[in-house]
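S.K.: From TrEMBL, for reference:
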- 39-59: transmembrane segment (TRANSMEM)
- 71-93: transmembrane segment (TRANSMEM)
- 119-139: transmembrane segment (TRANSMEM)
- 151-170: transmembrane segment (TRANSMEM)
- 204-229: transmembrane segment (TRANSMEM)
- 268-289: transmembrane segment (TRANSMEM)
- 295-318: transmembrane segment (TRANSMEM)
Amino acid sequence: MYSSIITKNCINNTLWNYFNGMDNETLLWYSEPLHIDDIFAGSFLLIFGLFFIILYSLVSYVMFKSDKDIIGFRFLFSASIADILLLFNYSIWPGITILLKSEIITHNMRHWVQMYLDWVWFSMCYHYMVVAWSRFAAIRFPNTFRIQKRILSYSICLCCYVFAFIQVLLTHFQPWYVVFYFEPSHYGMLSENFIKYLTEGQSFFFITFHILMVIIPIFFYTYGIILLLRHKHVSIFERHKTTLKQVKNYRNVVLNTNIHHSNIEARLIFPCLFNTIVFIIGQIVITLGTGEGKWATWTVLILFAANSAVNPILLIIFSTTIRQKIIKVLGFDGLGNEKIAHASIAVSFTHPKLFANPSGKLKTSSIYNRSIKSENSYTLSVHHISDDDEALENSVIV
């Protein structure tokens, strides 16, 4: 009898601690079954997250399998890991909490969960900087960048996660730090003390950090675009003029360098600009707020999740290589490519390191869209020009 009384008291104390501080409307929400708006809010987040996690995982797989040929895919693959985790954190997880009407974790676990959430978020922010640098390096130092070793690339990416973890340890145990947690009845995240968050330095810290994470990538992208405009009329044909004289039989394979560079510029500017705008909007919303009510906090979650969900869409739209490889992975390549293959001519040129080697011989191939089979050869097809900026840099104008 005494054990049952003790158990009952423990349960009552736990429930009292859980519901302590809640207003009557929140208590009423927990006591009632799910309404239509609850089902919609939770299901939308769940379906949204599942769809884009699957899509992003497919894009990530394609980039990982191609990272030997296209160096930039290594950095984008690493960034995709953080984005997939963010989709889970701000879409799958809150969707489940709404549908279950439960925070899932205990009150004492909030601080540790917040550390994990911030670690993933900071990692994503640092990847903005690294990816922007990789785009700049691919334009400014194309020959050096394309021979970068995988261990170096992924070591740079690992630094994003390490620095983010160090930043979490340095901030989360400060007296001014305020914990945020998922509150199912409000369809989003609430703070344990929002006034303290605004007035004691945490809000200023996040604003400053996010401004830096926007300014630095914009600097790299702007510098890269200036370099493209400055060298708009300087083609690879001019840089490797003596080598290309050997290819007299392929004079009919002439590419328009202006269109060539315009495609690069467009594909560098628009996806980066759009993604940066989404990121800035999300930070403005979380800083200033979206108003009051559960749909306001729900909108913040959607914006956070959309910040990561937009990336696979941009990669698919602006990367011919990713589109083609996804189609191939899904088994929808069909017979169209086989027909084009017979009418295509590919020209392979030696690796930049071997341009100075007089024994380096030019090779020709009649196979369409053949990927790079050797570290010392780069292939350009007549009927296909990759939209990826690195692949374009590897291509040689004939």
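Including glycine, each Cβ sits where the backbone N, Cα and C put it.
Predicted automatically and left uncurated, TrEMBL annotations should be read as such.
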S.K.: Looking at the stretches 39-59, 71-93, 204-229, 295-318, which one shares the most CB pairs under 8 Å with the transmembrane segment (151-170)?
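M.R.: Counting Cβ pairs under 8 Å, the winner is 71-93.
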S.K.: Grab the same-chain neighbours of the transmembrane segment (39-59) for me: Cβ-Cβ under 8 Å, and only residues 6 or more beyond its ends, written as numbers and ranges.
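M.R.: Distal contacts: 80, 83-84, 87-88, 90-92, 94-99, 187, 294-295, 298, 301-302, 305, 308-309, 311-313, 315-316, 322, 326, 329.
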